[in-house]
Amino acid sequence: MMVAWWSLFLYGLQVAAPALAATPADWRSQSIYFLLTDRFARTDGSTTATCNTADQKYCGGTWQGIIDKLDYIQGMGFTAIWITPVTAQLPQTTAYGDAYHGYWQQDIYSLNENYGTADDLKALSSALHERGMYLMVDVVANHMGYDGAGSSVDYSVFKPFSSQDYFHPFCFIQNYEDQTQVEDCWLGDNTVSLPDLDTTKDVVKNEWYDWVGSLVSNYSIDGLRIDTVKHVQKDFWPGYNKAAGVYCIGEVLDGDPAYTCPYQNVMDGVLNYPIYYPLLNAFKSTSGSMDDLYNMINTVKSDCPDSTLLGTFVENHDNPRFASYTNDIALAKNVAAFIILNDGIPIIYAGQEQHYAGGNDPANREATWLSGYPTDSELYKLIASRNAIRNYAISKDTGFVTYKNWPIYKDDTTIPMRKGTDGSQIVTILSNKGASGDSYTLSLSGAGYTAGQQLTEVIGCTTVTVGSDGNVPVPMAGGLPRVLYPTEKLAGSKICSSS
């Protein structure tokens with residue numbers, strides 16, 4: 001029986017269970033699988049249970065369901081999962097559906113019983129740690145959730161913030177260019193309002209700091225993803241990050257690095273929205289431009305305090321899935337290769353590996369179980385092999401994760417990138433020619449390899465030899481990405497081995 005080489009490699013790459021209080025340095029080498037708890041896996045293991053995204057109702061995903069599908073996640077080489085918020089939500093079915101997503105909390109000291117019990121959440125943490133994997137939990141400090149108009153909120157339903165005194169006065173954000181409005185006014189609308197906590201008040205601040213430390217400790221959490229970071233004043237975040245005692249990565253939904261990067265001065269990392277937009281635009285069609293992506297890689301590298309602690313992604317529950325723009329599988333493979341081999345921490349959204357194509361929320365919140373969890377789909381296999389070479393490079397090169405990705409050059413359809421110290425570098429060649437792209441040989445200069453050196457292309461498991469002039473002859477075909485690594489460094493790795 002033939003077994004995929006990345007399965008053999010990943011099976012052998014078991015690490016010690018992580019200690020608590022995982023540091024930013026610990027997280028640099030992780031690869032994250034992001035999932036909505038309600039939409040990933042059910043306790044009963046069903047792959048047919050109905051989940052109509054348009055209904056916006058609970059579909060039955062649980063923490064126990066996740067535990068039962070960790071083989072599926074780890075089989076792609078992921079070393080961490082990020083789950084949606086765990087706190088108790090507003091109980092009503094609103095005009096916008098249920099709070100299945102977890103961002104309409106009402107009681108921060110109780111868990112969302114739809115997902116399971118406290119013991120179930122602890123069991124998920126333990127199950128991950130037994131595999132040497134990390135648990136990241138989504139948290140919300142900016143707001144609570146209310147079924148009704150912002151002008152008529154019953155504040156007594158919120159725990160522990162049970163009076164209006166804990167909140168900013170009611171006003172909806174009208175102008176996102178006004179940072180005071182962004183921080184002090186409310187998200188939501190008069191159907192579901194999101195009362196905005198006044199985090200400038202010591203009583204609110206101290207409550208959150210105590211709560212987040214307890215949450216991390218009680219459930220052995222290794223990292224936090226923080227929602228709506230730009231809607232809270234910056235001086236709140238250093239104390240929150242410190243109280244958590246683990247790596248914190250914030251959502252700052254803005255593509256301008258001049259706006260987004262400074263938030264890394266107040267917490268460990270942020271989601272890399274500055275890269276998201278040019279990455280999407282470069283690959284969502286065969287006419288996309290590489291110029292903006294090339295320039296933004298360099299801008300983020302120079303302007304953000306530490307680009308190696310950012311989260312790289314192209315899909316999540318807030319933005320349309322990549323396949324909603326194009327069904328070209330070659331373009332999807334290039335985007336996935338970029339995410340995993342760029343600077344920072346790769347983040348793949350559940351369903352991306354099955355080429356899910358949901359558009360705007362709620363269509364992009366499909367149930368993963370309806371795919372049947374196949375492990376032989378093209379993107380599942382590509383993600384597994386890309387994570388495998390990244391994990392291997394990290395194990396062999398202590399400087400890999402801190403070496404900042406260098407785009408070697410760009411043209412209308414191609415961008416090659418280099419990451420890793422001399423002699424151990426990975427060179428990734430990305431193309432947006434698409435599945436109908438022609439076959440040709442790219443003569444690549446500037447990759448840093450030596451004349452006569454043999455390289456393995458670890459997607460197709462072929463080899464090339466560096467020319468006497470130092471150029472690498474890279475066979476390109478079908479618009480597929482290429483990933484090069486020194487052949488001699490692969491000895492004993494099982495990478496590109498079928499035995």
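Every residue, even glycine, has its Cβ placed from backbone N, Cα and C.
When secondary structure is read from DSSP and collapsed to three states, D227 (active site, nucleophile) falls in the coil class. Residues annotated as active site, nucleophile in Swiss-Prot, with similarity to another entry given as evidence: D227.
Residues within less than 8 Å, Cβ to Cβ, of E251 (active site, proton donor) and separated from it by at least 6 positions along the same chain comprise R225, I226, D227, T228, V229, V270, L271. Sequence annotations record features per position, and here Swiss-Prot assigns active site, proton donor to E251.
The Cβ of G255 (substrate binding site) has 15 neighbouring Cβ atoms from other residues within 10 Å, across all protein chains displayed. Swiss-Prot lists Q56, W104, H143, R225, K230, H231, G255, D318, R365 with the feature substrate binding site.
Annotated Ca(2+) 1 binding site per Swiss-Prot: N142, E183, D196, H231, in sequence order, evidence recorded as similarity to another entry. Of all Cβ atoms in the protein chains displayed, 26 besides its own lie within 10 Å of the Cβ of H231 (Ca(2+) 1 binding site).
Residues or ranges marked as disulfide bond by Swiss-Prot on the basis of similarity to another entry: C51-C59 (among others). Secondary structure at C51 (disulfide bond), taken from DSSP and collapsed to helix, strand or coil, is coil. In sequence order, R39, C59, G60, E366, A367, W369, L370 are the residues of the chain that are 6 or more apart from C51 (disulfide bond) and have a CB within less than 8 Å of its CB.
According to DSSP, C185 (disulfide bond) is assigned to coil rather than to any helix or strand. Within 10 Å of the C-beta atom of C185 (disulfide bond) sit 19 other C-beta atoms, taking all shown protein chains into account. Annotation comment: Swiss-Prot describes C171-C185 (among others) as disulfide bond.
The disulfide bond feature in Swiss-Prot is assigned to C261-C304 (among others); the stated evidence is similarity to another entry. Shown in sequence order, V270, P274, V300, D303, C304, P305 are the residues of the chain, 6+ apart in sequence, with a C-beta less than 8 angstroms from the C-beta of C261 (disulfide bond). Secondary structure from DSSP puts C261 (disulfide bond) in a helix.
For C461-C496 (among others), the entry in Swiss-Prot reads disulfide bond. Secondary structure from DSSP puts C496 (disulfide bond) in coil.
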When distances run from the Cα of C496 (disulfide bond) to each of the recorded positions H143, C171, D196, K230, H231, the nearest one:
K230
Of all the binding-site residues given, Q56, N142, which residue's CB has the most CB neighbours within 10 A?
N142
Surrounding CB atoms that lie within 10 Å of the CB of K230 (substrate binding site), all protein chains:
20
C171 (disulfide bond), number of other Cβ atoms within 10 Å:
13
List the other residues in this chain whose Cβ sits within 8 Å of the Cβ centroid of the Ca(2+) 1 site residues N142, E183, D196, H231, in sequence order.
H143, H168, V182, D184, C185, W186, L187, L197, T199, T228, V232
10 Å Cβ neighbour count around H143 (substrate binding site)?
23
